[in-house]
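Undergrad: Have a look at this one.
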Amino acid sequence: MPSKNPADTVSIYVPGASINSQTASDSTQPAASAYHHKANHNQNRSIEQSAQQAAEQSLHTAETVAPKVGFVSLGCPKALVDSERIITELTRDGYRVASDYNGADLVVVNTCGFIESAVQESLDAIGEALNKNGKVIVTGCLGKDAQKIRDMHPAVLAVTGAHAYDEVITAVSTHAPMPQAIQDKKAYDPKIDLIDLAGVKLTPSHYAYLKISEGCNHRCTFCIIPSLRGDLLSRPIEQVMGEAMALKKAGVKEILVISQDTSAYGVDLKYKTSFWDGMPLKSKFFDMCQALAKVGIWVRLHYVYPYPHVDKVVELMAKPGDRGGLLPYLDIPLQHASPSVLKAMKRPAHSENTLARIQKWREINPDIVIRSTFVVGFPGETEEDFEYLLEWLKQAKLDRVGCFTYSEIEGAVANDLPNPVPEAIKQERYERFMAVQQQISEQKLQEKVGKTMTVLVDEIDTEEQIAICRSYADAPEIDGHVYVDNIVQNGMMMVKVGDMLTVTIDEASEYDLFASYDAVQALA
């Protein structure tokens, strides 16, 4: 049995850093980590592996003289999906793609610009790529401020904004053109579907992100996403379902639905009706969830605002032990609870009724797990506001919570709000907030001891002989784990990555569960 406070050892691609890094549960991560992480988590397939796997399906990618593109991906899961899309197109065009600079003809850096620490990390990554390679194309959220990038790094070849896939491909083909010898061997359009509809994935083969929309219609004062990614732009429902089915066909066991505002899906399309599998289907949040629930694999919803119509979606959710369906899990970006702070943030309507809404969801589905992220130290936040938030947290008893201290973001309206909170007070409130949540989390996890749960295997630690898993209550990278022992019997490893197991919970810590697996019973 591992320690009750295990570190999650991860291997990530960090420009200029060692390949190994340590991160803890989200209570102890830096405040910004709730919104910013580097791509290439240790569970993830490397960019080389993913691109090579896809390239093996293409005749012309066997040419070793094809240009090599180094790729650095920074930011949130939505940015990771953008990276997957670009790498898919590059691979279809015959390029070799790798997650380093060695021997690359140029480097693409997909940046993050959400918070200042992310901006600085992106600028540092661009600088390192220029130093080590010299030919760099910049894309992603920070690309919106092209002048800032060019002022610091005038040698970059091209700068594009977020989800500017065609512009990136054009820039790559301009600065690293495909040799004519390879072009001459193309007897077909390189964009034809030589790669599965799901495309190249940088996540492990057993789970994948499914982005259903881009942009956001809200104008929260602390956020610059609309200026980086535009207003809400939903994918037609037939595209969403087509990718979901392709992911299932590829062996994916879990789909994580992401966007900036998942519950607003289809508003911009005016809930247009299309046809899927011979039946009419609306581009609408409820209809999409209803269809995804029938795909037959785990479906996890992220970035769901607490609108009243979410109640109907909760009614669709599966039971915790089910191995397919809409998981009883909601990731809700609440940000705060104090009415005055929510008003200053200009959060969407219905944010003030969240306690009642959460109670109703639990009445509909007692097994539902709710995760959220909060900001403390927002300009104008008083001690009274913070105490209100703490009391709200104690009543809400959320299952999974992340928190970060407010920091200014260039271009955000909140920068000009009066009464900024001193840094020392921000940090003190952060620690008090997480201390309360830690107690709530530990209490809720202790209630799981003695019960059986269905878990998905993310990793195998062969030295410790444990499987690092997740239950329906755990999203990858941001939530806890279920550590499972008894996976080796009679000298044989009984489980593998991507397996779903039924385990018995033996112990619990503040954020993780520890379980045992009975392979004999499972095979009976």
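Yeah, the Cβs are placed from backbone N, Cα and C, and that goes for glycine too.
These came from Swiss-Prot, pasted as-is:
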BINDING   C76, C112, C141  [4Fe-4S] cluster 1 binding site
COMPBIAS  20-31  compositional bias 'Polar residues'
COMPBIAS  48-58  compositional bias 'Low complexity'
DOMAIN    446-519  domain 'TRAM'
REGION    20-59  region 'Disordered'
Undergrad: If I take every residue in the domain 'TRAM' (446-519) and average their pLDDT values, what number comes out?
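TA: Averaging the confidence scores along the domain 'TRAM' (446-519) gives 94.
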Undergrad: Could you work out which of the binding-site residues (C76, C112, C141) has its C-beta surrounded by the smallest number of other C-beta atoms within 10 A?
TA: C76
Undergrad: Could you count the residues of the domain 'TRAM' (446-519) that DSSP puts in helix, in strand and in coil?
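TA: Taking the domain 'TRAM' (446-519) as a whole: 2 helix, 38 strand, 34 coil.
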Undergrad: Any idea what DSSP makes of C141 ([4Fe-4S] cluster 1 binding site), helix, strand or coil?
TA: helix
